[in-house]
Every structure is written in C-alpha cells, then in structure tokens.
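K.L.:
Got a structure here, written out as structure tokens. Questions coming.
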Amino acid sequence: MRFLDLGSVCVLFFLLSCEPACGETSGVNPCCYLPCQNQGVCVRYAEDRYECDCTLTGFYGGNCTIPEFWTRVHHFLRPSPGVVHFILTHFSWIWDIVNSTSLRNTLMRLVLTVRSNLIPSPPTYNSKYNYLSWESYYNVSYYTRLLPPVPEDCPTPLGVRGEAGLPDPEQLVERLLKRRTFRPDPQGANIMFAFFAQHFTHQFFKSFNGMGLGFTRALGHGVDAGHIYGDNLERQLQLRLHKDGKLKYQLIDGEIYPPTIVDAPVKMTYPPTTPLEQQLSFGHEHFGLLPGLGMYATLWLREHNRVCDILKAVHPHWDDEQLFQTSRLIIIGETIRIVIEEYVQQLSGYHMKLKFDPTMLHRSDFQYSSRIALEFDHLYHWHPLMPDALIINGDTLTYQQFLFNTSVITHYGIENLVWAFSKQPAGQIGGGHNLHASMAHVAVKTIEASRLLRVQPFNEYRKRFNLKPYESFREFSDNEDIVHQLEELYHGDVNALEFYPGLLLEKTRPGAIFGESMVEMGAPFSLKGLLGNPICSPLYWKPSTFGGEVGFDIVNSATLKKLVCLNTKTCPYVAFRVPTQAELEEDNRKRKNEL
Ligand code: HEM
Ligand SMILES: *[C@@H]1O[C@H](CO)[C@@H](O)[C@H](O)[C@H]1NC(C)=O
Ligand SMILES: *[C@@H]1O[C@H](CO)[C@@H](O)[C@H](O)[C@H]1NC(C)=O
Ligand SMILES: *[C@@H]1O[C@H](CO)[C@@H](O)[C@H](O)[C@H]1NC(C)=O
Ligand SMILES: *[C@@H]1O[C@H](CO)[C@@H](O)[C@H](O)[C@H]1NC(C)=O
C-alpha cells in the first residue's frame, strides 16, 4: 500500500465512491451519504428514503443540485476566491490609490457583508442536534455547528467515507504535522502575533470538556473581554479593586503587574510546586501557562486602569461600577480595532488597508449576534506558530523553562518581552511538518474529538464556503511526501480527508502563512464574530456609550503600539511582524540612547 501509483489510487477511489447505486443500501441511513448539496437539508423518511429541503438555496432537484436561473447568473459573475485573493495581495499601486479614496469603504463593506453572509445568524445546529431545535438555539453552553454533525447511526464518523478505516491520529500527527526543522511564516508574523492570537481567541474558545465535548465556558460567544475580567461575575468581582472602576494589581519595581492569588483569590491552574508569589491571577484560568499570555494580560490590565483614570477625570461623579463597565466597553472596542486593522491585516497579507468602522453596516441587514462555532475553534489550533524556544535578551528559554513560569514576566519586564517577541519570527501555520513536539498531543486530541463530534469531511466544508472540493490529494497538496502519506493514510479517498488535517496540510498559497481554505473559512467566522458585537450596533456605537468623546476617541485611535507605549516607560519596536533591517537598526540606536 505504501507506494500506490496513480492508477491504483483511481481504482480505489472508484470503488469507494460508487455508493448507493452499486452498494447494498439497506440499513444505512441515507443521510449518511451527505446527499444534499448547496446547503440543502437532509430529512430521513422510511428506511432508505430521504428528502432534501432546498428552500432558499437557489437550487432544486432531488439533491438540490440544479441551479435556478439567477443562481446560474450569479455564479457566472462571481469571481473565484483565488482571483480575489490574488488581486488583494498584488498590484500595490492600485491599492495605494484605493487606500486613500472612498473606494476603500465600499470594498471594505463588500468584504464584510460577503464574508458574514456565509455564517448563519441566528445560529443553527450544535454537536447534539443535527436538526433545528429550540434547545440548540437557546442553550449557549454549546458551541454552534456550521454544518450539522454526521448522524450517530452512520457507518463511519464521516458518514460513509473512510470505511476502509481512518488513520490513527498519532500517526497522522507524527508523520505529517510534527516539525522537522522550524519554518518561519513567509509573511513575517512574529511571536508577538502568536501570543496575541492565543490570548485574544481564548476569550471565546474555552472548551468545557467537563460538561462534555462540544461545550464552552465562554458564554459571551465573542469579544467580551472575559479573558481579562473572568467569564463569570464572581470571578470578576474578585479581580476588581472596587475603587475607581479599576482592577486589582501589584507593584514590582514601581511597575504594575497582575495581583497574586493571595490578593485576588480566583481559580488558576499552576503546578502545585509553584511558589505563591509566582501564582498570578488573570481573567483566564490558564494564562499562567505562557509568559506571552501574562504579558498581554499585564498590558490590558494597565490599559484598563489607565482608561479608568481618564474617565474619572471627566466624570468625577461616576461610581466604581460605571467607571468599570464603561472602561470594559472601551477595552472591547480597542480590541476589535486592533484585531481588524493590525492583526487581520497582517494575517491577510492584503494590500488593501482594512478599516474598522461599524457604521459601514448600519444601513444593511447585518445581524448583531454571534455564536462561536466548534469548527472555528478547531480551525484556530494554530500551534505551528510556536517556535522551538523563546529568545529574550539573548537568553534561550526552552519550553521546560518558560511553561508556567510567570517569573519570566517580572524578571525581564514588559518592554523586554515586547521587544523580544516582536523580533522573533513565528512558524508557518500551513504546509505541514511545523508543529513543535510539545504540542503534538493537542493536535491528536483535536482529531480524536472531531471524530467523536462527527465533524463532516474537509471537502464538505470546502463546498459550504463556495470552494471547489478537491478531487485528489495531488490537487490538494504540492508536497510529494504529503501526497503519498495521505493517499496511504486515507486509502486514496480525498473525500475522507478530515477537516482539521485538511486545513493544516493543504498547499499554502505562494508566500503565505496558510492555504486557501483557512482564509476562506476563517475570515467569515472571524469577521462575523467581530462585527456582530453589540458595541458595533447603531444604538451602542456612539460617544456616550464610551463615556463621551474622550472614550470614543480611545476606541477610534487604538493601536498595538499605543497599547504598549502608553503603558510602559520606554517604547520598544512593537508590531505583529518581524522588523526590517532598517527598523532593527533604528530600534538598536534608540535603545542605546535610552540606556
Ligand atoms: C507553547 C504554546 C502553547 C501550548 C503549550 C498550548 C497548549 C494547548 C493545550 C494543552 C490545549 C488544550 C487541548 C485540549 O485539551 O484539547 C490548547 C488548546 C488550544 N490552543 Fe493552544 N497552546 C499553545 C499555543 C497556542 C497558540 C499560539 C494558539 C494560537 C491561536 C493556540 C490556540 C489554541 C486553541 C484555539 C485551543 C482550543 C481552546 C479551547 O477550545 O478551549 N494555542 N493549547
Ligand atoms: C442524489 O445523491 C445520491 C447519492 O448521494 C445519488 O445516489 C442519487 O442518484 C442522487 N439523486 C439525484 C436525483 O441526483
Ligand atoms: C495601503 O495599505 C497597505 C496596507 O496597510 C499599505 O501596505 C500601503 O502602504 C498603503 N498605501 C497607502 C498609500 O497608504
Ligand atoms: C445545556 O445543556 C447541557 C447538556 O444537556 C445541560 O447540562 C445544561 O444544563 C443546559 N444549560 C441550560 C442553561 O439549560
Ligand atoms: C523561570 O524563569 C526565570 C527567569 O527567566 C529563570 O531564572 C528560572 O530558571 C525559570 N525557572 C525554571 C524552572 O526554569
């Protein structure tokens, strides 16, 4: 089996894809064949009878495969994602012009609406309910599901695909995902970016496996800053100073840091041997894990308290509660701005300058709601970003040295960490073979969970996001080794390829951090989550919500650089990408002068 030639793969493919026409169907739930196309809904009737509900899909026919007239026209006119991406990442001279005209607004609005329209709102399925139900709508302890889970009574976790057996997750990770030698992101993302990704997303990816797979502790389902303030009121009250709206803090060498668990007694995960003074309290119980998470937590803590001072100066009569609540909304607004205008900008590689302006959607039919999807959580397991070691002030810190070691934060201080993390490149996420060994088990667990949760095959998600399903592993990857291994592991059936391995192993776009699918699937989830926030809605998005013009200005001018430099004494090089040689020299000069 190891050296399958193309011919035998085709035969195998044919045998596996002949389905009900030639196979024995009795007993198998017909919906296991995932027959309904174009978002048609499969409903089972008698033993082997099903119907596809094609309402509003723009298609008709037994499997919703025949396009209506306007669907045909629309599809003919719609440019392919590849072409759109190419235009957005090339022709910088066009974009230089677009950036500074109202065309920028028009295009940005188009990006937002086209992307968001791919996400159902209100949400639909969850991991228990593959049909619409009140429980699924109402019970926010579940992550939602974009595509319904494969029915429980199907022959395989993918329906009928993978009947010859799905690969052992350990093997899959060992042979295709584990890093050989570190491969930096060709778009130049740095460790500052990697830790931002992790810090930011953990406010809404908070799997509650104690309740079962497919549940979340983050009931805000979006950017609620629960990673700063805690995901419940009790925790928030422990973290608050109850004076001037501020959060509790401690001073070390005259600098503000998060309090210890002695002063803010909240549940945190630390190894039992951790000295008490090193057990810092954060909004998120796992943020003691990595110095980069502690660094961002410290920056946001300082920012929150700084904003409180500013609000108090203009509203001397406001009580602690109003100062706290208003600062929180400002922090949420700052976060969304930094995410869209800097973080997503870096990730996209677009020459078009992205813009966070909620008023763009105020006259459209955009729905202000957000429910985090399980697929989004799996998609965001971007562990290949992490390097082999952290390099701070010339010291090389291994995983053993920095995991659960908050003294790294206070030992170097925020400025040095920002500087070090901004200089060090992050790993390329896509393309395979770039996952540090210490996180291999996370990928294994993700694949195992996806089978128990009956996540549909990668190609079904391709179709859901208007992408052409791959017809072969050779089309899917341009890496000979990956093609061969996948053909062996998935017995030649590209339709059995699973969602998460598909995202991480797909050929990357030229010079890009990952492949087409990660962008085309990740962006809709991301933008819907960001713009669906209540602060973006017409009744919230105005100065009074943020304590007046002063607060609104903070939201409207937030940048990563300000987050760092308004909360530290010196202002190091800070960005989501590694510096150019010129920027590095400039910064070295500046640092020498400061010393
Ligand atoms: C040294 C760095 C890191 C370590 C040791 C680490 C470790 C882990 C572990 C142990 C889990 C839980 C796995 C499970 O129980 O299934 C997890 C989940 C996750 N990680 Fe990481 N991770 C790291 C960095 C990152 C980065 C840079 C990102 C970037 C986005 C990231 C994204 C995620 C996501 C989205 C989850 C799922 C969270 C959830 O559903 O609760 N991680 N990670
Ligand atoms: C619908 O799809 C199934 C297999 O998924 C196929 O057997 C059947 O012929 C299709 N029906 C129509 C009307 O296209
Ligand atoms: C347009 O925006 C892109 C992305 O931020 C940037 O690289 C480019 O320099 C900008 N051009 C102008 C003229 O602002
Ligand atoms: C949500 O569903 C879970 C699992 O059935 C259940 O334990 C939990 O109590 C439900 N939550 C609410 C608010 O009903
Ligand atoms: C934790 O970090 C500090 C400061 O970088 C370092 O001196 C110490 O050795 C680290 N602890 C462990 C257990 O590696």
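Backbone N, Cα and C define each Cβ position, glycine as well.
Relevant sequence annotations retrieved from TrEMBL are reproduced here:
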ACT_SITE  H202  active site, proton acceptor
ACT_SITE  Y380  active site, for cyclooxygenase activity
BINDING   R115  substrate binding site
BINDING   H383  heme b binding site
DOMAIN    27-65  domain 'EGF-like'
SIGNAL    1-23  signal peptide
K.L.:
Which chain-mates of the residue listed as 'heme b binding site' that are at least 6 residues away have a CB under 8 A from its CB, listed by sequence?
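P.N.:
Listed in sequence order, they are L435, H436, M439, V442, A443.
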K.L.:
Which residues does Y380 (active site, for cyclooxygenase activity) neighbour through Cβ under 8 Å, counting only same-chain ones at least six apart?
P.N.:
A197, T201, F205, G522
K.L.:
Those recorded positions, R115, Y380, H383: which ones have a Cβ sitting under 6 Å from ligand 1?
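P.N.:
Only Y380, H383 meet the Cβ criterion.
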K.L.:
What is the separation, in Å, between the Cα atoms of the residue listed as 'active site, proton acceptor' and R115 (substrate binding site)?
P.N.:
22
K.L.:
In the domain 'EGF-like' (27-65), how many residues does DSSP call helix, how many strand, and how many coil?
P.N.:
4 helix, 10 strand, 25 coil
K.L.:
Taking every residue in the domain 'EGF-like' (27-65), what is their average pLDDT?
P.N.:
96
K.L.:
Non-local Cβ contacts of the residue listed as 'substrate binding site' (under 8 Å, 6 or more apart, same chain)?
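P.N.:
Same-chain residues close to the residue listed as 'substrate binding site' (Cβ under 8 Å, separated by 6 or more) are A523, P524, L527, K528.
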